[in-house]
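> The structure is given below, and queries will be raised subsequently.
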């Protein structure tokens, strides 16, 4: 009897152009040897779309984070104030974390797409899968915790300026950032020690934390470890989001209260109003980006844990296929956060964009005039350059200093630096 092809049960990639159709095909044939239905032939368009998507995300993330690291590093070398350097360290560490995380994972996905092979064929030992899952866990949680640390720093600077001015030093910032990274790394190594498991995820092009019972070779202890590790990851991620939201809201409240305390409509009062508005908008933007990118994945992981399911069932294309597709979208949203971070925190700030426009106008004006504009162009370039950017960071973080003998907050502004 001649075998036929069932296009109705075609893999996810064939229908939605997300993955190569041959990745799971061989495994389904092994699981159902009596089924005469053959998997659909590989689609070149499907593979090209997947590769283009992965390469676009990797290149975009690399460019944005590399630009942020360059600006921050130059600014850091020019700054003398310790409190100014603390916030620059946080920004630079976040950009470096996002960039390294993408560079370690995206090439693996691209190679797998281009090879048109199953993961097990390229990684028979499973070590690459463990490395991939560990990398996603480390750099994913690190980004969330660094964002939380930055939110805590902003809240302390505005609500406890005296304590912040006397205790917050560059060495403390370095220790906190290094401690965060080491703690997350230790947590991510738990599956290597037997607590939890990194498994191949739908549609077979990446590895991540297993959220439910493993394969046929897992016992009850391993299943318990999977549940514990996946639950801990989701709870830690959601806790980081809650801390970030709470601290950002506290910062906004402190700024609004300080703005209202200005009794007169002086220039200082107008400046405070502008700073408060711009900062509140940016902090709300940060909260929106974090919630949209991370909440779907973390909440869905908890849902799958409570339902005792995992993406292992996606291989058979059951009635839960929509859940598999949504899980893939949730992971891609989390990956998108690594691309958006440098733009939300730094590159799309109004002040920086205005300075770039001034620089462009300065170059254009200098082409048509002589002599008298050289000093002006040079001054604009210097203002645009990193020294002015560092002052802007102080506005962004709302670093404060307590004046000796006075009980009010003193805010560094661009005009007074």
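The backbone N, Cα and C atoms fix where each Cβ goes, and this holds for glycine too.
Keep in mind that this is a model prediction, so the values were computed, not measured.
Here's the feature list from Swiss-Prot:
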type	residues	note
TOPO_DOM	1-52	topological domain 'Extracellular'
CARBOHYD	17	N-linked glycosylation site
CARBOHYD	35	N-linked glycosylation site
TRANSMEM	53-77	transmembrane segment
TOPO_DOM	78-90	topological domain 'Cytoplasmic'
TRANSMEM	91-111	transmembrane segment
TOPO_DOM	112-130	topological domain 'Extracellular'
TRANSMEM	131-152	transmembrane segment
TOPO_DOM	153-174	topological domain 'Cytoplasmic'
TRANSMEM	175-196	transmembrane segment
TOPO_DOM	197-226	topological domain 'Extracellular'
CARBOHYD	216	N-linked glycosylation site
TRANSMEM	227-252	transmembrane segment
TOPO_DOM	253-282	topological domain 'Cytoplasmic'
TRANSMEM	283-306	transmembrane segment
TOPO_DOM	307-326	topological domain 'Extracellular'
CARBOHYD	307	N-linked glycosylation site
TRANSMEM	327-348	transmembrane segment
TOPO_DOM	349-417	topological domain 'Cytoplasmic'
> Before we move on, state whether the transmembrane segment (327-348) and the transmembrane segment (131-152) share at least 3 Cβ pairs under 8 Å, counting only pairs 6 or more apart in sequence.
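Taking Cβ pairs at least 6 residues apart, the transmembrane segment (131-152) and the transmembrane segment (327-348) are in contact, with 3 or more under 8 Å.
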> Looking only at the topological domain 'Cytoplasmic' (78-90), what is the model's average confidence as pLDDT?
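Per the prediction, mean pLDDT sits at 70 for the topological domain 'Cytoplasmic' (78-90).
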> 10 Å Cβ neighbour count around residue 307 (N-linked glycosylation site)?
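There are 12 of them.
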> Could you name the stretch, out of 53-77, 91-111, 131-152, 227-252, with the greatest number of CB pairs under 8 A to the transmembrane segment (283-306)?
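Stretch with the highest Cβ contact count: 227-252.
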> Could you tell me how many residues in the topological domain 'Extracellular' (112-130) are helical, how many are strand and how many are coil under DSSP?
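Going through the topological domain 'Extracellular' (112-130) residue by residue, I get 12 helix, 0 strand, 7 coil.
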> The transmembrane segment (91-111): which same-chain residues, six or more beyond its ends, come within Cβ distance under 8 Å?
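51, 54-55, 57-58, 61-62, 65-66, 68-69, 72-73, 76, 122, 128, 132, 135-136, 138-140, 142-143, 146-147, 150, 177, 181, 205-206, 335, 337-339, 341-342, 345-346, 393.
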> Could you tell me which three-state DSSP class residue 307 (N-linked glycosylation site) falls into?
coil
> Pull the DSSP breakdown for the topological domain 'Cytoplasmic' (153-174) and write it out as helix, strand, coil residue counts.
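Result for the topological domain 'Cytoplasmic' (153-174), in helix, strand, coil order: 19 helix, 0 strand, 3 coil.
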